[in-house]
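Enquirer: The following feature annotations were taken from Swiss-Prot:
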- 1-25: signal peptide (SIGNAL)
- 64-397: domain 'Peptidase S8' (DOMAIN)
- Asp95: active site, charge relay system (ACT_SITE)
- His126: active site, charge relay system (ACT_SITE)
- Ser342: active site, charge relay system (ACT_SITE)
- 432-452: transmembrane segment (TRANSMEM)
Amino acid sequence: MIRAAFACLAATVVVAGWWTPPAWAIGPPVVDAAAQPPSGDPGPVAPMEQRGACSVSGVIPGTDPGVPTPSQTMLNLPAAWQFSRGEGQLVAIIDTGVQPGPRLPNVDAGGDFVESTDGLTDCDGHGTLVAGIVAGQPGNDGFSGVAPAARLLSIRAMSTKFSPRTSGGDPQLAQATLDVAVLAGAIVHAADLGAKVINVSTITCLPADRMVDQAALGAAIRYAAVDKDAVIVAAAGNTGASGSVSASCDSNPLTDLSRPDDPRNWAGVTSVSIPSWWQPYVLSVASLTSAGQPSKFSMPGPWVGIAAPGENIASVSNSGDGALANGLPDAHQKLVALSGTSYAAGYVSGVAALVRSRYPGLNATEVVRRLTATAHRGARESSNIVGAGNLDAVAALTWQLPAEPGGGAAPAKPVADPPVPAPKDTTPRNVAFAGAAALSVLVGLTAATVAIARRRREPTE
């Protein structure tokens, strides 16, 4: 009886909030003030070797990628184009490269960190698909990119068909170290070439207790977002197989109500998505189904900022002939439907280009605020699943936000660091939790005392 009472008391104390975070508990990353952005000169960071044949995206039998998909319809692009088509914007696609063609004619060469090409090649098909979502040209069918008047900058930063010639140590950490170094250089290069929207749809995931040095990456991200005023959009990550080239990530626990001071549950993170976790400089994008619900594979995390369509996508093939595609070949060369946060990020980057074109006076932080403030909110507060809510292109282009009395058309303001949200006043909730904890402890102690008293009164057997 006494043991049961104290066991109940111990459980009550844990539930009441006396919780010790794991040794690897993390928080939002902090940019090292002493770190310098790396050189953005393209070129392989390590000698690479092609290990597999190139993949070409195609059309799944019995389907027509020219028919507007539910994902495209969800954004109501014809209505959005009444206000902006992305004129005057340069969007960098840091991915597997982009193959120009009739549906992607406005692509600038941004260089290659895999081989020594100009970046206008795509051995995986992924980068071209993302580019088509951002700025693919309309044709005699129902497909169009979000911002068809924008220009694209192709920077080839990775390929699943290539790997380092030599590797040593832990292969996961070695690959992650290489990926982080390449991404840092690619982001600096994109910013230096004038991209005002930078899309990163290839991500790296690591366990929270097995991280690699990201000082240079943090400096590069801050340099692009603050010094160069670029909106950086990144895929949140996928927790299962999908039509994407990024490796599968592990999921994260959602909000823990026992820790009211950590509403986004940074302390509970077990898997980190790079570069998405670099808050507040990166807008991380989760995936939605065609019905507007969170995709099952979309990786949750405290960095998720917004959600966009990411399932059963259609876009432009890397075949080079302007054909559309809705599938990528799997390991058995069977075409698999295109789904992933990679493509969701492309939709957000496209809308960011529309907003920057319509409101040239907004800096990068204000553009991100406009995207998140006009999203369809699934909850009153940002969640680890969909962030601020579902992307709304028309609202982002038309709503007048309280802080923008002039509709955002004022002259550009000096760019400052994105503000870190002020700590929420959780005093009332903390008091409630403390009161509940104290009451629970009192009840537990009373139960234990009563049990001891009864034990003393009972005859000894």
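Placement of Cβ uses the backbone N, Cα and C atoms for every residue, glycine included.
Please go over these features one by one and say how buried each is and what sits next to it.
Expert: According to DSSP, Asp95 (active site, charge relay system) is assigned to a strand segment.
Of all Cβ atoms in the shown protein chains, 31 besides its own fall within 10 Å of the Cβ of His126 (active site, charge relay system). DSSP assigns His126 (active site, charge relay system) to a helix in the three-state reduction.
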Enquirer: Return the residue, from the listed active-site residues Asp95, Ser342, with the maximum count of other C-beta atoms within 10 angstroms of its C-beta.
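Expert: Selected residue: Ser342.
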Enquirer: How big is the gap, in Å, between the Cα of Asp95 (active site, charge relay system) and that of His126 (active site, charge relay system), rounded to a whole number?
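Expert: Each residue's Cα considered, Asp95 (active site, charge relay system) and His126 (active site, charge relay system) end up 7 Å apart.
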